[in-house]
Amino acid sequence: MKTSILFVIFSLALLFALSAATEIEETDRACGQFWWKCGEGKPPCCANFACKIGLYLCIWSP
């Protein structure tokens, strides 16, 4: 009984992870959001975000 419950839980977690990965792959974002790497060769930060020099991360800036 415990084994079947664990199997169902892990199966649902795997299904969720695969669907999230597919969603990210299909949206193909053209800009970097919060804590995304930025700089040379990387996509620019989205609106309301700025690339912080030294950290090279997109940080929210009003």
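Any Cβ shown, glycine's included, is placed from N, Cα and C.
What you see is a predicted model, and the numbers here were worked out from it, not measured in a lab.
Residues annotated as signal peptide in Swiss-Prot, with sequence analysis given as evidence: 1-21. Residues of the same chain that lie 6+ residues outside the signal peptide (1-21) never bring a C-beta to less than 8 angstroms of a C-beta in it.
Among the features that Swiss-Prot reports, disulfide bond is placed at C31-C46 (among others), with the record citing experimental evidence. Classification of C31 (disulfide bond) by DSSP places it in coil, neither helical nor stranded.
The disulfide bond annotation in Swiss-Prot covers C38-C51 (among others) and is backed by experimental evidence. Using a 10 Å radius centred on the Cβ of C38 (disulfide bond) and all shown protein chains, the other Cβ atoms total 22.
Among the features that Swiss-Prot reports, disulfide bond is placed at C45-C58 (among others). For C58 (disulfide bond), applying a Cβ distance below 8 Å and a minimum sequence separation of six or more within one chain yields G32, Q33, F34, W35, W36, K37, C38, C45, C46, F49, A50, C51, K52.
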Self-check item: Listed in sequence order, residues with CB under 8 A of C31 (disulfide bond) and six or more positions away
Solution: P43, P44, C45, C46, A47, F49
Exercise. Out of C45, C46, give me whichever of these disulfide-bonded residues has the highest number of other Cβ atoms within 10 Å.
Key: C45
Quiz prompt | Where C51 (disulfide bond) sits in the secondary structure, as DSSP reduces it to three classes | solution = strand
